[in-house]
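Engineer: Before we start, here is the structure in question, set down as structure tokens.
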Amino acid sequence: MSDIGDWFKNIPFITRYWFAGSILVPLIGKLGLISPVYLVLWPDAFIYKFQIWRPISSTLYFPVGPRTGFLYLVNLYFLYQYSTRLETGVFAGRPADFIFMLLFNWICIVITGLIMDMQLLMIPLIMSVLYVWAQLNRDMIVSFWFGTRFKACYLPWVILGFNYIIGGSIVNELIGNLVGHLYFFLMFKYPMDLGGRTLLSTPQFLYRFFPSQRGGVSGFGVPPPSRRHAADEQAGARGGRHNWGQGFRLGDD
């Protein structure tokens with residue numbers, strides 16, 4: 001048990017609580033301590049009965065059973081792997097920026113869930129984080145099951161197909177990919193690759209609650225060579241920037 005405890009303590013802070021909540025809440029529903037009826041996102045209950053916990057509980061809850069257990073474990077693995085890699089990679093020492101990414105993706109997914117009457121939001125949020133990691137490491141060659149190898153930028157779509165095979169639906173995965181793309185475009189692609197203005201930035205109050213653990217200013221990424229010269233001039237006025245992080249192979253420790 002001490003080995004498990006040490007492993008759990010070594011999970012990055014934010015990922016650790018997200019991972020723990022994604023185990024605890026399904027367990028509570030499975031044991032019947034709280035009826036799953038109160039854990040899923042129902043628009044009427046949220047809007048008209050002011051059951052304001054539902055957007056959070058529906059992000060952490062998943063109905064684990066004989067037909068859904070494997071899908072749950074696979075996505076729990078994706079949560080652990082890719083949230084850890086982002087938190088210790090491009091967001092290393094910048095918890096406020098990482099929390100803002102999660103909050104932005106989560107709010108977009110909740111709004112979409114209310115509009116589309118989606119009851120479970122766990123997979124969309126996990127996929128949105130995986131999509132951001134894949135784009136930041138888009139040229140990295142990753143290995144998937146049965147020895148298949150491809151660039152990381154294709155990983156979210158491969159997993160979409162994989163989850164469709166084992167789960168029979170692609171709506172959750174597709175929404176997660178689209179939300180992840182929205183965040184990536186606004187935070188990285190548009191201001192750095194296309195030379196546009198910054199449209200998305202971390203609110204200052206998050207820095208007060210979760211101060212950065214290393215110097216520098218808000219902002220990420222190294223533009224591609226075609227945009228690097230212009231980006232360098234802009235970055236000079238801001239005081240610097242951070243690397244996008246190193247890629248990983250699927251399944252690496």
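Backbone N, Cα and C define each Cβ position, glycine as well.
What TrEMBL records for this protein is below:
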REGION    222-253  region 'Disordered'
TRANSMEM  17-40  transmembrane segment
TRANSMEM  60-80  transmembrane segment
TRANSMEM  101-134  transmembrane segment
TRANSMEM  154-186  transmembrane segment
Engineer: Taking a Cβ cut-off under 8 Å, which residues six or more beyond the ends of the transmembrane segment (17-40) line up next to it in the same chain?
Structural biologist: 8, 11, 51, 54, 57-58, 60-64, 72, 76, 79-80, 83, 102, 119-120, 122
Engineer: Could you pull out which residues elsewhere in the chain have a CB under 8 Å from any CB of the transmembrane segment (154-186), counting only those six or more residues past its ends?
Structural biologist: 68, 70-71, 74-75, 78, 101, 104-105, 108-109, 112, 116, 118, 120, 123-132, 134-136, 142, 144-145, 148, 199-200, 250
